[in-house]
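Working notes, structure below.
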Amino acid sequence: MSVFYSSVRFLLCWSLFSATETICFCPDSFILLSEWFDLLLPLPLCLSAGTLVVNVAQTFYQAEENHHITLEWTFTPKTLSSSNIYILCQQITDQRASRLFHLHEGVEVSKSQDEQFSGRVQFDKDVLREGRLRLDVSRLRTEDSGLYLCEVKTESGSSSDKCRLNVTATHQITCQTEPNQAEEGGDVSLQCRLDPSVDLRKETLEFTRADLNREYDVVHSYRHEKDQTDPQMDQYRDRTTLIHEDLIRGIISLKISSLTLTDSGLYRCYVKDLEASCTMNVTVGAEEVENVGAIVVAVLAVLLFVLGLIIGVLVKRRNLSICQRREGGGDQGRELADVD
């Protein structure tokens, strides 16, 4: 009797599918219609396709390597029972399709997950009955970039939606290590670079004073591919120059001219979208000028001393010469007197 019942149900579901293009799931029979159907176990009724609606919460996600991202889909109507829900999420690239997440009768099937995502996907069970699918992917890799397609099947039907994830390599920014020492009135060049190198012409860049406790501490701002003067501190206006030619090579070079003593301090180089920054110190002082002045004074003192010695020697020699001439003249007079 059970065999007869199963056969009748099988034929009934198959005929309904052929006539109305509905997806049928019978208690004791299973019709494999596509590769997605391998996720499903029999449901006690025939389901009309298209009544379930799945929407992705965000069509594009951007993240950095080693960070985490939460991918989210919503589906309506909500399922009456989690045991009647089947979900398959896959990453699709030009090379292959990798299984990200598999839910069968409300139970996560970890063993079917692709090795690439093993141990890195966290499923939020609490929000599933609310019609939400949330997958947190941790320790992101650049190879996680791609198209993500999630198909949901419930007693209301089946539907799917997709989003794209782009994972970029973590960028390290380094500032120049040489001391930035300059004289008052001179120039100084601040430089930082990204590794790996990236074209920075479309990025938002800032040099700020990290040591100033004030709301506006911008030394130089660059965004929308232009230098921005509005947020700049007044003391740096018309004194900063960003070298645009270096940006394509991932190098940020800023020249500050007409330095003043108040320009001394800690400067921060910041790439906003990459959340990368580093700091460098600048010292502007008159110490070198004072040292030069002291040296000049010392040299002049030595020169005056030497000149004094020379003059003294010359004067002494002159006096000796005069005395000798006088003595010589007296001796000649006495000799003439004796002759007479």
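Glycine too: its Cβ is placed from the backbone N, Cα and C atoms.
Database features (TrEMBL):
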type	residues	note
DOMAIN	46-166	domain 'Ig-like'
DOMAIN	171-285	domain 'Ig-like'
SIGNAL	1-22	signal peptide
TRANSMEM	292-315	transmembrane segment
Local confidence of the prediction over the domain 'Ig-like' (171-285), expressed as mean pLDDT: 93
Secondary structure tally of the domain 'Ig-like' (46-166) (DSSP, helix then strand then coil): 18 helix, 64 strand, 39 coil
